[in-house]
């Protein structure tokens, strides 16, 4: 018997046979052929890539390849799926019955593997010459191995146990470089190319290189925009079958993988692998630019983009560009208004699944992210990260315009808007414009009158979650934020920041009209109204307008007759706190007069 070649494990179909297979069977055929080819490459048997493999990688039908291009003239072993013999069988059965034909000189043999056979040795080969004599022989030259899940075509040199290992979940092949384990030696061989930097396939469109031809094939769909796989539940189209499989779990809510350490259930094995590193502290993926390490390669990939200014993904609606296609997809929902992720508890919908997961913790009370400095817990890692900055005095983010420094990059981004007059976010109700989308969202609540955030202590409701968070502090006497200069403590970090300006004497907020400077931006905003003469706050009862919201609030009391401000000395009540303060001076004057008279006695 000669050396094993690719044609010895090639699977061939006629046009009629191919059309007998459904889509799932055709996809399985393609996967089997590509995997068999990879096995032979790993063993060093195949040097040049056969046309059939190129055809399959490009998504073409196998019968379009000419026979002489796919299979050479020398002896051939072909596997024919007996779909025409058993059309009523399922996908599983169609791969459990295989006809093996051996072409050699003037003789050929037919081998039929019945359902239930462990290998060809249990079947019979009928060898027949031109003399019509039949003779039963036992096959020894090749074997077809059957797994309980489905039949996989495999040569004696490819090790039939490979498929069974995949079903058991064992990963005996370990990478010496990084310790990652695999269930197939061929997958390990492909993985090693990551460490060696070996590149075998290059995209003709953008020049991007890959160490797997299958990765190149998948990558090409970015340029073509092809989305072959459609979700039957929501109609969403996806580029890859693996992405469709993962996507379907959103609808089913299935979480197959459970962490043995904390009991957390996850939808994907890759997510479980990365999650386990939270418990071990392992961070094997290191950025070669800044040295920062991560628990998964995907997080490292996203992080690396932060080192480049390239933004190849552009929104056709507004022209805004992004570094990641996933961010662009999420961004597009701003224009469409689509919010596909809905909370089953309260009905609130979100554009991103991550935001929904974080939101659900509000209902469950779960706060898995804990600060190791003060013990405070949070519903998301981003909130914990922001909180940790409050313990640090570092301000690494500096404004190039005015030199002001900030602890957070997001705060710097918001600050930069103050240097421009552009207000791209417009309210559809009143045409008021804003510099930030968050400010527009907050403003919209004015029109709806909705106050969805309620305090559990006193029942008071708020329009913003941030206002509720701030309000909750009023129920506690704890003052976490301490001034290093005078040891004065505050309940709010913002109050501490404002207080610090007293020690510095700095007035960073300057009016462009008159040059007057202020310690707070809010005071500057109120001051600017003097120059504009605008009175944006209008009373719904009488139509009177005011420059400040606080003035409107005070005015509204005149319609209700309410007098919430009471003098402790004489019991007299007032509409306004300012009126109470003025009234108190009467009592102070009386006391001063009495003291003066007593001194003269």
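Using N, Cα and C of the backbone, Cβ positions are placed for all residues, glycine too.
What you see is a predicted model, and the numbers here were worked out from it, not measured in a lab.
As annotated by Swiss-Prot, domain 'KRAB' applies to 4-75. As a whole-number mean, the pLDDT of the domain 'KRAB' (4-75) in this prediction is 65.
The feature zinc finger is assigned by Swiss-Prot to 173-195 (among others).
If you look at the zinc finger (201-223), the same-chain residues 6 or more away from its ends with a CB under 8 A from one of its CBs are 34, 49, 57-59, 190, 193-194, 239-240, 325. Residues or ranges marked as zinc finger by Swiss-Prot: 201-223 (among others).
Long-range Cβ contacts of the zinc finger (257-279) within its own chain (Cβ-Cβ under 8 Å, at least 6 residues beyond either end) map to 246, 249, 295-296, 298-299. The zinc finger feature in Swiss-Prot is assigned to 257-279 (among others); the stated evidence is sequence analysis.
What Swiss-Prot lists as zinc finger is 285-307 (among others), and the listing cites sequence analysis. Residues of the same chain lying 6 or more positions beyond the ends of the zinc finger (285-307) and with a Cβ under 8 Å from any Cβ of it are 270, 273-274, 277-278, 323-324.
Residues of the same chain lying 6 or more positions beyond the ends of the zinc finger (313-335) and with a Cβ under 8 Å from any Cβ of it are 222, 302, 305-306, 351-352. Among the features that Swiss-Prot reports, zinc finger is placed at 313-335 (among others).
Annotation source Swiss-Prot lists zinc finger at 341-363 (among others), citing sequence analysis. Across the zinc finger (341-363), DSSP classifies residues as 11 helix, 4 strand, 8 coil.
The zinc finger annotation in Swiss-Prot covers 369-391 (among others) and rests on sequence analysis. Taking Cβ pairs closer than 8 Å, the zinc finger (369-391) reaches residues 358, 361-362, 407-408, 480-481, 493 in its own chain, all 6 or more past its ends.
Within its own chain, the zinc finger (425-447) is flanked in space by residues 414, 417-418, 463-464, which lie at least six positions past its ends and keep a Cβ under 8 Å from the stretch. Feature annotation from Swiss-Prot assigns zinc finger to 425-447 (among others).
Annotated zinc finger per Swiss-Prot: 481-503 (among others), in sequence order.
The feature zinc finger is assigned by Swiss-Prot to 509-531 (among others), with sequence analysis given as support.
Counting same-chain residues at least six beyond the ends of the zinc finger (537-559), those with a Cβ under 8 angstroms from any Cβ of the stretch are 526, 529-530, 575-576, 578. Per Swiss-Prot, the feature zinc finger maps to 537-559 (among others).
Here the zinc finger (565-587) has long-range neighbours at 554, 557-558, meaning same-chain residues at least 6 beyond its ends whose C-beta is under 8 angstroms from one of its own. For 565-587 (among others), the entry in Swiss-Prot reads zinc finger, with the evidence type sequence analysis.
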- By DSSP, what is the split of the zinc finger (565-587) into helix, strand and coil residues? 11 helix, 4 strand, 8 coil
- Query: Residues sitting near the zinc finger (509-531): Cβ under 8 Å, six or more positions beyond its termini, same chain?
  - Reply: 418, 498, 501-502, 547-548
- Note on the structure: Counting only residues at least 6 beyond its ends, the same-chain positions whose CB falls under 8 A of a CB in the zinc finger (341-363) are 250, 330, 333-334, 379-380
- Item | Tally of residues which DSSP labels helix, strand or coil - the zinc finger (173-195) | 11 helix, 4 strand, 8 coil
